[in-house]
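Participant: Before I ask anything, here is the structure I am working with.
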Amino acid sequence: MTAPDSSSAPAPLAFGGKPRVYPMRLYGDPILRRKARNLTAADTLHVPGFEPQTVREVADTMLETMFEERGVGLAAPQIGLPVRMFVAVEYADDEEENEGQETPLRSRVLREYVMLNPVVKVINKKKDKSYQEGCLSIPGIYEDGVPRARQVRVDYTDLDGQPRSIEAEDYLARVFQHETDHLDGKLFLDHLPADITEDHRKDLLRIQQASKNFLAQLSEWDKAQRHLKENL
């Protein structure tokens, strides 16, 4: 999910080794419509295009990716991992402009969250439509009126493998619901009338083409790596 003041730009495309940030999976990528599987904190994860990493390493890189993309949350399917994991942050609301320069997002962080196998339970069923939503996988598209439960509890596992629970309301509750949706193959546009998605048809087609281009590059890189291994 994007921060309210976000102007996201794609991370540079570079495969191999341990990444500083991950390239973003975009609207149209089949992985964004898959239901993710559970994981444990002890798992080794393999983000396509990169070396295997621990769950903690992946979480750290996801946070770095999220900050670079000026987001407020990022789910594992958005980096090509079909596992039930997301990262999110709370930012300070009192951003001050300094001679026209954007305040670095990291300096505004109040709290970071890394959630494995999150389960959202609604506390207050009243729907809230007062916040604008966007998504790092659907860059440049924002909509008001996405209905979300006003208050939720999230039960999850932390990076040490311990069970945790947190209650959230208003915007943070929205973030947790948005990211958990990703783990079930849902996007925020799915909660809106079809004519709103149709209004964004031109932009969505452009994003889908960018997604196809990325997947083609990833496939070519993967073929090249397999060829190298076969000829060692």
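Cβ coordinates come from backbone N, Cα and C, glycine included.
Swiss-Prot lists these features:
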ACT_SITE  Glu179  active site
BINDING   Cys135, His178, His182  Fe cation binding site
Participant: For the Fe cation site (Cys135, His178, His182), what does the 8 A shell look like? I mean other same-chain residues with CB within 8 A of the CB centroid.
Facilitator: Met1, Gly73, Ala75, Gln78, Glu133, Leu136, Ser137, Glu179, Asp181, Lys186, Leu187, Phe188
Participant: Taking the Cβ of His182 (Fe cation binding site) as the centre, count every other Cβ atom within 10 Å, in any protein chain shown.
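Facilitator: Neighbour count, Cβ to Cβ under the 10 Å cut-off: 26.
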Participant: For Glu179 (active site) and Cys135 (Fe cation binding site), what Cα-Cα distance in Å is obtained after rounding to a whole number?
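Facilitator: Here the two Cα atoms lie 10 Å apart.
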Participant: Check the DSSP secondary structure of Cys135 (Fe cation binding site), expressed as helix, strand or coil.
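Facilitator: In three-state terms, Cys135 (Fe cation binding site) counts as coil.
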Participant: What's the number of neighbouring CB atoms sitting within 10 A of the CB on Glu179 (active site)?
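Facilitator: Neighbour count, Cβ to Cβ under the 10 Å cut-off: 27.
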Participant: Take the Cβ of Cys135 (Fe cation binding site) and count every other Cβ within 10 Å, whichever protein chain it belongs to.
Facilitator: 28
Participant: Sequence gap of 6 or more, C-beta under 8 Å: which same-chain residues meet both conditions with respect to His178 (Fe cation binding site)?
Facilitator: Met1, Gly73, Glu133, Cys135, Arg148, Phe188
